[in-house]
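Engineer: Just lifted these from Swiss-Prot, have a look:
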type    : residues                       : note
REGION  : 198-219                        : region 'Disordered'
DOMAIN  : 228-492                        : domain 'CoA carboxyltransferase N-terminal'
BINDING : Cys232, Cys235, Cys251, Cys254 : Zn(2+) binding site
ZN_FING : 232-254                        : zinc finger
Amino acid sequence: MKKWWFNSMLSKGKGELEYRCWLSKSMESPGPIKNPSVSEELIRNDKNKNIHSSSDSDSSSYSKLAGVRDIHNFISDDTFFVKDSNRDSYSIYFDIENQILELDNAHSFLSELESSFYSFRNYSSRNNGSKSADPDSDRYMYDTKSSWNNHIHNCLDSYLHSQICIDSHVLSSSDNYSASYIYNFICSESESSNIQSSTNGSDLTISESSNESESSNESDVTQKYRHLWVQCENCYGLNYKKFLKSKMYLCEQCGYHLKMISSDRIDLLVDPGTWDPMDDDMVSIDPIEFDSEEEPYKNRIDSYQSKTGLTEAVQTGTGQLNGIPIAIGVMDFQFMGGSMGSVVGEKITRLIEYAANKFLPLLLVCASGGARMQEGSLSLMQMAKISSALYDYQSNKKLFYVSILTSPTTGGVTASFGMLGDIIIAEPNAYIAFAGKRVIEQTLNKTVPEGSQEAEYLFDKGLFDPIVPRNPLKGVLSELFLFHGRFPLNQN
């Protein structure tokens, strides 16, 4: 732990915190600490300077010795020995990770804060055109020590938000100027930060808001504006939904591949005006009459149909990819988690048979949670049916099949046609597994390593061929089809 010496003063005129600091010996090291940006001579000279009192703070100017470029690293876990304008000494302990602020022997500091808060409020009221600027006008409203402390707490919270600013004049040849706000680094680590401080046995707690109210407010805001924004599941940044399609559903903040609906994937891969859907009127008839206590299967199907505008969890058809005729099937995770029922299996099987008869290359985009439990063993049989059709397509007809694994691809889809492609392509960070992490851990009583079911880890194990981002995906597929003798229709 390092010791930092501060000369600090709260200016009465504008309520700003101005400072000078220098680094003294480390508590663990007997030798002097070298500061590459500050010379020892400057430190010695500055320590001998007089400290201006708060009475002439408006006209005083400070020669700031050392600037701070990264305040988070500067006060991540340090103790500061501070001397105020009255030459009273006290210490401040910062621990940003645990969100702790401790003040010792800080009577004069708190009184100076109090005075500064009044000055700050007067200054603000003058700027806002307030009629009253009497520093003692509100003091009598707080007739108990507890009320006054609460008022100080609120003022301190507001003060940290709006006023406490370290203006650091960094000594260098170019005489650069930088400004950093304390609050952004102390309190922005958590949206509901708590700064705990203790002064001679009394506890001073500053809370922006309680965790419960904060989380409930966030939930309300998310629900209210979810039609406008999509939250990234990786960095939790917000993406404007209107622009997502043009950006290929890539997070603007971190580039993470967000879930993409089947219609937009078709627009991404298929040339405009060439898409011809197949069997889009095929719907499930509830073959085993599955009725749950919450909602009957038929009602659930109707609900997803009205919500997504699709009849089932897969869209199949033909089109052109850079002029190359292809047969393509795209699964949609928004329709019952992309689960594979009898209709999904039948549509994919018919697509494969059509591609075999027309000698078309086949492209299947997988996004599924597995077999659909509401259809029992009939959904499991789709795995064998699709695999059988693919065997004829690949082995007997010698045609080219490419499967694309997106997030998530799990269960029966992984165990059947998802892993049968001549070329298996995965999207970055895609979740690919047979059984989910929780199922494995509860069944085998073993911990599944973090990230062991993601595309990058599985790629190292040889589970599929390339990992291709969405931006170059269409070009990569076009090159693969050209390599296998599939050429555009308009090429002589």
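Each Cβ is built from the backbone N, Cα and C atoms, and glycine gets one as well.
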Engineer: Limited to the zinc finger (232-254), I'd like the whole-number average of pLDDT.
Structural biologist: 91
Engineer: Give the sequence-ordered list of residues that share a chain with Cys254 (Zn(2+) binding site), lie 6 or more positions from it, and have CB atoms under 8 Å from its CB.
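Structural biologist: Sequence-distant Cβ neighbours: Cys232, Asn234, Cys235, Gly237.
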Engineer: Quick check on the zinc finger (232-254): DSSP residue counts for helix, strand, coil, in that order please.
Structural biologist: 4 helix, 4 strand, 15 coil
Engineer: Can you check which residues sit near Cys251 (Zn(2+) binding site), meaning Cβ under 8 Å from its Cβ, same chain, 6 or more apart in sequence, and list them in order?
Structural biologist: Cys232, Asn234, Cys235, Gly237, Asn239, His257, Leu258
Engineer: An 8 Å radius from the center of the Cys232, Cys235, Cys251, Cys254 Cβ atoms defines the neighbourhood of the Zn(2+) site; name the other residues of that chain inside it, in order.
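Structural biologist: In sequence order, the nearby non-listed residues are Glu233, Asn234, Tyr236, Gly237, Asn239, Glu252, Gln253, Gly255, Tyr256.
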Engineer: Just how many other Cβ atoms lie inside 10 Å of the Cβ on Cys235 (Zn(2+) binding site)?
Structural biologist: 13
